[in-house]
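Shown next, in C-alpha cells, is the structure this report addresses.
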Protein chains: 2
Amino acid sequence: MQEYRPLRVALLGAGSVGSQVARLLIENKAELAARVGAELELIGVVVRDIDKAVKAGVPRQLLTTEAEDVIVSADIVIEVMGGIEPARTYILQALNSGSDVITANKALLATHGTELFDAAEQVGAQLYFEAAVAGAIPIIRPLRESLAGDKVNRIMGIVNGSTNYILDRMDTEGLSLEAAMAEATELGYLEADPSLDVEGYDAAQKAAILASLAFHTEVPLDKVYREGITKITAAQMEAAKRDGYVIKILAIAERIPANGGEAGVAVRVHPVLIDRKHPLGAVRGAFNAVFVEAEAAGELMFYGAGAGGVQTASAVLGDLVSAAKRHVAGGPGLADSVHANLPVLPIDRVHTRYQVTLEVTDQPGVLAKIANTFSAGNVSIETVEQSVRQDGGKRSKTATLEVGTHSATDAELSAVVKALAASESVESITSVIRVEGI
Amino acid sequence: MQEYRPLRVALLGAGSVGSQVARLLIENKAELAARVGAELELIGVVVRDIDKAVKAGVPRQLLTTEAEDVIVSADIVIEVMGGIEPARTYILQALNSGSDVITANKALLATHGTELFDAAEQVGAQLYFEAAVAGAIPIIRPLRESLAGDKVNRIMGIVNGSTNYILDRMDTEGLSLEAAMAEATELGYLEADPSLDVEGYDAAQKAAILASLAFHTEVPLDKVYREGITKITAAQMEAAKRDGYVIKILAIAERIPANGGEAGVAVRVHPVLIDRKHPLGAVRGAFNAVFVEAEAAGELMFYGAGAGGVQTASAVLGDLVSAAKRHVAGGPGLADSVHANLPVLPIDRVHTRYQVTLEVTDQPGVLAKIANTFSAGNVSIETVEQSVRQDGGKRSKTATLEVGTHSATDAELSAVVKALAASESVESITSVIRVEGI
C-alpha cells in the first residue's frame, strides 16, 4: 500500500444522513484507510445549529457554522444539507477551489445540475451523486459505467418510498388513500407538507436525473410529465387486484422513435397498472427499485432502501471511497457527457396503454357507440368487461364498462377520454390509468 | 473531447459471447468512441475454427488462429473463450505485456484468480470481470465501488439460470425434476453433461468470486460447500408451496461471528426453502438475482439475465469502456485487495434452520421421542406438523412429521438428522432442506 497524505473531508449538514456519514467516517476510519490507501480526515462539519448536531452524535469539536473556512481547505466536500441555497453556492465554491464534491441533493441536481457539472468540468473536479437517487441502491454507477457499452431504451423506477408504502398499504390492507397517508405520516414517511411526495415532485426530480444519465441528454425538470397518487381510490386498487395488476407510481424515461415525428426521449411520472408478476410488482413497503431495459443487457432491476439516513450514508461513503481513490492514484472519475443530447419530448408522443372505467347508460347500442369512440380516435380495444349493478333487486340504469386498450400514443388516448367524457351515453368516467410493463 | 490515439482491442473467442462482443464493437463504433474519447479498434479475433466464426457473423479479415501476435500488440485483451487452458496462458501473456484484460471466465477466476490478480498487480495492469458473475447484471462494480464504504454481511444469490429455470418449472407446473431437466436441455439451458449446473459447481465458482470481493478475502473453491438440486422432488416442491415457501438453489456467503470459535466467512451452495414474498422468491425462469445485506445500506438486490451471449457481451463492453477510459485519462482501475483476509470456515459453523420431513411409526410417545432427539442435539423446534395417511380406508402404520427448527449451527442440525436416521421410531427421512431469508 503506497503512503499518501491524509485526505481532508468536509461535511456540509448533520441531519439524518450527515450524522450517519460522520459516524461511519469516525467508526470505520481504519477500514476506510485500508481500502483507499490514505487516511480520510474529517476536518469539519458545517451546520446551522451546533447543539442539535451534538445531540445527533457529532463530536462538538468538529462542528462549525462557518462554511467557507472548511470548504476551501478540503480535498473532498460532502453536501448533505439539502435545499437549493446555500447548498448551490457551497458546492460551486468547493468545485471552483478544485475539490471533488459528493452530493445527495436531488432537488439541486434536477434544477441546477448543468451549472454544477459545467463548473466541475472547467476545473477538472468531480461531482458524485449516487445518494441523490434511490438512496442506498447503486443505480448511478451501473448506469454510468456498467452499461456504458450498452444502449438503454427504457427505465421504470419506483423511486419514492413514501408513495410506494401508501399504495402498498392500500393494496394489501384495502386502506383508503387518506388512511394510508395518515399511517405514512405517523411513520415519518411523509413530511408535514406531503405534496412533494404524493404529487410526484420528488419522483420527477429523480426521473430527470436518471434520464439525463441513461440517455446522455440534458433533461430539464419542467419537461417531465407529472401526475401524483392523490386521485387513486380504494375502488381502483380493488379493481386492479381483480385483474392481476397492482397500482404503482412509476418514473418512466424512454426513447421515442421518430415515427414520422422527431425522435427523442420522454420522461414522465404517474400511477400505472402493472402486472403483479412483474419484478416491479413485487416491490413492497417503502422499498425502491429501478427497472432498466437495455439493448444488449436485456432487463435489469436494482432494488433496495430508497431513503433513510444510514442507508443513504452508505451511498455517500461509496462515492467518497471512489473520490478518495482518484486522489490517491490520479486519473478519471465518473465523467458524464450529454453527447447524445436528444430532444426531450412531451408525453403526447409516448406509446402506452390505458385502462378506462366508465359508467354508461344501460341501453341497447351503447357498447357499440363507446367502441366507435375508441376506433374513431385510432385506439384499438383489447378487453371490455361490462357489469350491471343490482340496486336493491332492481336492475340499475347504468352499467360499468372497464375498457383495456392496445398501445397508442398518449395524445390519441387522452383525446379518446375527452370524447368519452363528452358523450351522452357516458354518465361518468370513474378511472383512467396507464398500463405498463407488458 | 480530447484527441487520443485509437485503442487496440484483441478478442479471444467468438462463441455466443464473443461473436456478440465483436458485433457490438463494430456496430456501435462511433457511439463508443464518443463515450470513451478514443476509437476502439478491434485488431483481431482469435479462434480455433475460422469458418465457424465467419458463420457466427465475425468478419473473416479479423479472424486468426495465432493468439500471440494479436495479444502482444493490443492495449486491451478480452477473453471470452472459457476453459482453463489456453485462456490462463493468454491472459498471463497479455497482463505481462502490460495490457488490461477483461474476462468472463468464472471457472478460471475461481481456480486461478490469485495468480492472475498478482500478475496484474505486478505490472500495474487491470483485470476486469463483471461478465464472470451473473451475466449482464452489474454486481461486481457495485460490490467493488458502490459498497466500498460499507460492510457487507451476507450475500445470497440465484446465480445459475438453468437450475432456477428447472426449479421454477417444478414450482409453477408441478413438473418432476426429470421432466423439468428435459425441458431445460431442449431449450439449450443445460449442457450435454448437466452436472456443472445441477450439481452446483457453476454456482460454487460464482460464490467464490462474489465472496472474495465482498469480504476482501481469498476464497478457495474447495472451501465452498456445495449441494446440487438432483435430490429435489416434486413432493418437496408441493410441500414448500403449501407452507408459503419456494425452493431455490442459492449461493450464500456470510460473515460468521467468533461465538467462541474463530470469526470468519462461510460460503455455500445448496437448495433452500425461501419465503415466496422474499425478493429472491419472485425471481422466475432463467433470471439471476443477487441479494446483498450490508451494514449501512441494508437490503439490496440486483436482478437480470444471468447468461446469454448478447447479455453477457453488455457486461464485457461496460468493462471495456472503463478500461479504455483509464487508458485515455490514466489513473486507477478497479483495484481489489484481500486486506481483510478472513478465514474461510466450514459450513458446520453456519447458523441456519432446517426443515426435516420424516416417516415415523404411528405409536404413542413417538412425537416425544423425536422432540427429545432434537433437544438432545441442542436444536429447538419451531413447528411440527403431523399427518397420518389413510391407505385404502385403513389407517397407515406410519405418520408423516414435518419439523421446522429454530436457528442452530449446521453441525448441530446435521448431527440431529444423523441421530434421527438411527432412531428406531423413524422409518425414513424423506426431506432435509435448509430455510433461508428470514
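Using N, Cα and C of the backbone, Cβ positions are placed for all residues, glycine too.
TrEMBL annotations: computationally assigned, not manually curated.
Annotated NADP(+) binding site per TrEMBL: A:L12, A:G13, A:A14, A:G15, A:S16, A:V17, A:G18, A:S19, in sequence order. Neighbour count (other Cβ atoms within 10 Å of the Cβ, all protein chains): 28 for A:G18 (NADP(+) binding site). In the three-state DSSP scheme, A:G18 (NADP(+) binding site) falls into the helix class.
The DSSP secondary structure for A:K106 (NADPH binding site) is helix. The NADPH binding site annotation in TrEMBL covers A:K106.
Taking Cβ-Cβ distances under 8 Å and a sequence gap of 6 or more within the same chain, the neighbours of A:E191 (L-homoserine binding site) are A:D197. Positions annotated as L-homoserine binding site by TrEMBL: A:E191.
Following the DSSP three-state reduction, the secondary structure of A:K206 (active site, proton donor) is helix. According to TrEMBL, the active site, proton donor annotation covers A:K206.
What TrEMBL lists as domain 'ACT' is A:355-434.
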### Query
What is the pLDDT of the domain 'ACT' (A:355-434) when averaged and given as a whole number?
90
### Message
Using DSSP, what is the helix/strand/coil residue split across the domain 'ACT' (A:355-434)?
### Response
24 helix, 41 strand, 15 coil
### Summary
Taking all protein chains shown into account, the Cβ-based neighbour count within 10 Å for A:L12 (NADP(+) binding site) is 27
### Query
Quick one: which of these binding-site residues, A:G13, A:A14, A:V17, have their CA within 10 A of A:K106 (NADPH binding site)?
none
### Query
What is the Cβ neighbour count of A:V17 (NADP(+) binding site) at a 10 Å cut-off, with all protein chains included?
26
### Message
Rounded to a whole angstrom, what is the C-alpha distance between A:G15 (NADP(+) binding site) and A:K206 (active site, proton donor)?
### Response
21
### Query
Which residue, out of the binding-site residues A:S16, A:S19, shows the minimum number of other Cβ atoms inside 10 Å of its Cβ in this structure?
A:S16
